[in-house]
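Participant: The active site, nucleophile annotation in Swiss-Prot covers Asp510 and is backed by similarity to another entry. What Swiss-Prot records for Asp572 is active site, proton donor. Annotation comment: Swiss-Prot describes Asn49, Asn57, Asn162, Asn186, Asn194, Asn366, Asn433, Asn452, Asn500, Asn720 as N-linked glycosylation site, evidence class sequence analysis. As annotated by Swiss-Prot, signal peptide applies to 1-27, with the evidence given as sequence analysis.
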Amino acid sequence: MFGSPKRAALAAASLLAVFGNGPSVMAQETSSNNAVVADGKTFALNGENVSYRFRVNETTGDLVSDHFGGSITGNLFPGFGAEALGGWVGLAGRFRREFPDHGRGDFRIPAVRIRQEAGYTVTDLQYQSYSVIPGKPALPGLPSTFGSEEDVTTLVVHLYDNYSSIAVDLSYSIFPKYDAIVRSANVTNKGTQNITVEALSSFSFDFPYEDLEMISLRGDWAREAHRQRRKVEYGLQGFGSSTGFSSHLHNPFLAIVHPSTTESQGEAWGFNLVYTGSFSVDVEKGSQGLTRALLGFNPSQLSWQLGAGETLTSPECVSVYSSDGIGGMSRSFHRLYRNHLIKSKFATSDRPPLLNSWEGLYFDYNESTIYRLAEESAALGVKLFVMDDGWFGDKYPRVSDNAGLGDWVPNPDRFPDGLTPLVEDVTKLKAGNSSTDLRFGLWVEPEMANPNSTLYHEHPDWVLHAGQYPRTLQRNQLVLNLALPEVQDYIIDEITNILNSSAISYVKWDFNRAMHETPSPSNDHEYILGMYRVFDTLTTRFPDVLWEGCASGGGRFDPGVLEYFPQIWTSDNTDALMRITIQLGTSLAYPPSAMGAHLSAVPNAQTGRTIPVKFRGHVAMMGGSFGLELDPAELQEDEKAEVPGLIALAEKVNPIILTGDMWRLRLPEESNWPAVLFISEDGNQAVLFYFQLGPNVNHATPWLRLQGLDPKATYSVDGNGSYSGATLMNMGLQYKFESDYDSKVVFLQKQ
């Protein structure tokens with residue numbers, strides 16, 4: 001016990017021996033851009049507005065965290081952490097640890113847990129050396145951010161357990177322009193006996209003692225990305241996915257903020273795991289008040305055996321720091337992802353307005369009805385026509401969700417001569433009154449198989465299954481095991497054949513169920529690695545195809561998918577009122593340029609709500625990929641007359657949405673008048689989306705203050721007057737709305 005002053009003093013002395021009394025003076029081994037400064041004892045990563053510092057205790061080799069926040073220079077004030085020792089917490093649990101291992105007196109959740117052949121899970125990872133790399137190496141088999149030597153510098157810190165011969169490399173890549181630090185870790189078995197990695201975090205950080213709050217995105221099918229903000233309490237709290245994919249339920253995103261932090265003011269730390277599989281986000285406030293945040297693999301679905309010489313690499317985690325509130329955090333994510341994550345040529349290219357056949361026809365179509373829908377789409381000004389589910393399956397035709405998945409050949413009853421004649425006819429159509437040819441796109445769900453399919457009858461062993469346990473169906477389908485190379489090759493070959501057969505310029509890649517009955521805990525990660533191989537092969541082979549990800553809506557809206565697919569269907573819920581919440585929630589981490597958003601028919605298929613077409617269109621065009629989800633023949637005449645103008649407006653705002661900065665001025669959960677401002681990359685143009693949700697009877701309408709403008713510049717507002725940026729930001733503007741579900745799109749031009 002530490003009851004007596006003498007024992008407390010002895011304990012304090014021993015604790016200081018382990019972790020040191022404070023940072024030592026930094027030597028000057030510096031990267032060319034000053035982004036990384038290291039001397040083997042202290043380490044500093046420097047961005048335009050961020051500093052990240054940690055050090056090595058020279059006695060024990062432990063890494064100790066010092067700072068992650070606003071820019072600092074010079075020596076650090078010598079802090080302390082060993083005063084209050086009158087408790088039972090192990091000594092290591094009282095300090096801020098950079099990469100906490102397991103079993104040595106730190107009883108908080110560890111960043112790594114490894115079971116050795118003898119059964120114990122103790123590790124003693126000590127600092128060995130470091131290296132600084134200009135640029136950023138790619139992660140083997142995993143999506144990762146990228147950049148040139150001018151964009152990013154990487155620090156790798158090498159740790160080693162002398163008792164078990166386990167090596168861990170910690171990678172820190174700093175993008176100074178974005179105040180972003182990207183981290184990952186790998187574990188290598190340097191010994192002769194097998195080890196099993198049971199937990200591995202990509203990112204770990206211990207915040208100092210202070211009151212903090214955490215923000216996450218929760219939801220379910222058709223109500224993804226609902227913002228949740230709560231106090232960080234003492235003890236363990238967190239969330240994750242065990243579905244085998246990132247999921248609708250929780251997103252692999254976390255923000256840590258102060259209670260006073262708002263959209264535009266205060267500090268915010270954002271974390272986003274670049275991974276599409278099951279994950280875990282853990283936040284623990286320990287007994288000393290230190291808050292630990294970890295993001296990485298879900299330990300319940302990780303049991304990864306490493307033989308001698310083998311390595312397990314974690315996904316990477318992007319962390320950003322903002323002193324400009326939650327909005328500043330989001331804009332850092334957006335800029336980084338547009339420029340250094342999404343590899344597609346379409347990352348910042350104008351996206352064609354499209355019409356998807358799903359909500360217009362569902363499964364009920366043939367070649368003539370599809371062509372009729374394409375004709376009517378072109379007449380409205382649509383430039384891309386997408387044929388959704390229902391076009392494939394020969395022996396088991398896909399006329400419902402009960403059959404056909406896995407058999408990627410055109411349904412001979414619907415398309416007797418294959419897809420080529422249809423594609424040729426559709427791509428001869430002109431978009432509206434222009435000379436632009438209509439493009440053709442296709443829906444696929446290659447990771448699935450129906451039991452009613454030729455594929456399943458020939459290869460029942462290709463689906464996920466656990467011995468003799470029943471194979472649980474969801475949506476009448478099973479999941480192909482992409483951990484198997486032969487399954488990966490089959491999917492690559494089938495999709496290649498389809499894309500080579502006709503002029504298909506767009507693919508919507510869907511995924512409509514969770515993973516059950518996996519054969520082993522490691523299969524989940526093996527599946528994701530196989531999926532990434534498929535994505536990488538196909539997107540590299542067909543770089544001119546615009547790929548869109550989907551998983552029953554936003555079930556796989558994560559950075560891992562974004563590397564390969566520049567846009568993702570945000571939600572199967574196309575109700576415009578709910579979409580405002582979903583899209584603004586998604587924008588906490590993900591750029592609007594990546595969001596698919598469609599104007600659909602009313603009453604809405606998901607909610608039954610009827611909302612004016614203008615409001616529906618304005619909400620949809622806040623996404624980078626604007627489209628229609630309806631049958632034009634079913635539109636009322638007044639609605640049909642408005643649609644071409646909405647398409648033209650969407651095309652006008654699209655370049656600003658794709659490359660500009662987003663400012664969430666008001667949130668739908670906080671105001672009857674949510675508003676979003678997009679400002680072009682050069683600052684010369686801006687577009688304001690302004691909504692009234694409910695009626696406002698006999699009551700004033702609030703003024704709306706803009707943000708992000710140049711206070712000294714003058715702006716033309718919709719061509720009807722000129723106002724200074726200072727006036728628009730400090731006084732604001734005011735509009736009258738006529739009714740509920742009214743909306744306005746306002747253009748600003750810098751003069």
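Backbone N, Cα and C define each Cβ position, glycine as well.
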Participant: Would you kindly give the Cα-Cα distance separating Asn452 (N-linked glycosylation site) and Asn49 (N-linked glycosylation site), rounded to the nearest Å?
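Facilitator: Cα-Cα, rounded: 57 Å.
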Participant: Please list, in sequence order, the residues in the chain of Asn452 (N-linked glycosylation site) that are at least six apart in sequence and whose C-beta is under 8 Å away from its C-beta.
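Facilitator: The answer is Tyr396, Asn402, Ala403, Gly404, Asn476.
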Participant: CA-CA, which of the recorded positions Asn57, Asn186, Asn433, Asn500, Asp510 lies nearest Asn194 (N-linked glycosylation site)?
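Facilitator: Spatially nearest to Asn194 (N-linked glycosylation site) by Cα position is Asn186.
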Participant: Under DSSP, is Asn500 (N-linked glycosylation site) helix, strand or coil?
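Facilitator: Once the DSSP labels are grouped into three classes, Asn500 (N-linked glycosylation site) ends up as helix.
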Participant: Which of Asn186, Asn500 has the fewest nearby Cβ atoms, counting only those within 10 Å, among these glycosylation sites?
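Facilitator: If we count Cβ atoms within 10 Å for the glycosylation sites Asn186, Asn500, the smallest count is at Asn500.
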Participant: Using a 10 angstroms cut-off on Cβ to Cβ distances, just flag whichever of Asn57, Asn162, Asn366, Asn720 is the loneliest among these glycosylation sites.
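Facilitator: Checked Asn57, Asn162, Asn366, Asn720; of these glycosylation sites, fewest Cβ neighbours within 10 Å: Asn720.
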Participant: Using C-alpha atoms only, work out the spacing between Asn720 (N-linked glycosylation site) and Asn186 (N-linked glycosylation site) and round it to an integer in Å.
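Facilitator: Given the Cα positions, Asn720 (N-linked glycosylation site) is 58 Å from Asn186 (N-linked glycosylation site).
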Participant: Determine, to the nearest whole angstrom, how far the Cα atom of Asp572 (active site, proton donor) is from the Cα atom of Asn186 (N-linked glycosylation site).
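Facilitator: Roughly 37 Å, rounded to the nearest whole number.
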Participant: Relative to the Cα of Asn162 (N-linked glycosylation site), which of the glycosylation sites Asn57, Asn433, Asn500 has the closest Cα?
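Facilitator: Nearest in space to Asn162 (N-linked glycosylation site), counting only the glycosylation sites, is Asn57.
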Participant: For the C-alpha pair, I'd like the distance in angstrom between Asn186 (N-linked glycosylation site) and Asn57 (N-linked glycosylation site), rounded off.
Facilitator: 22
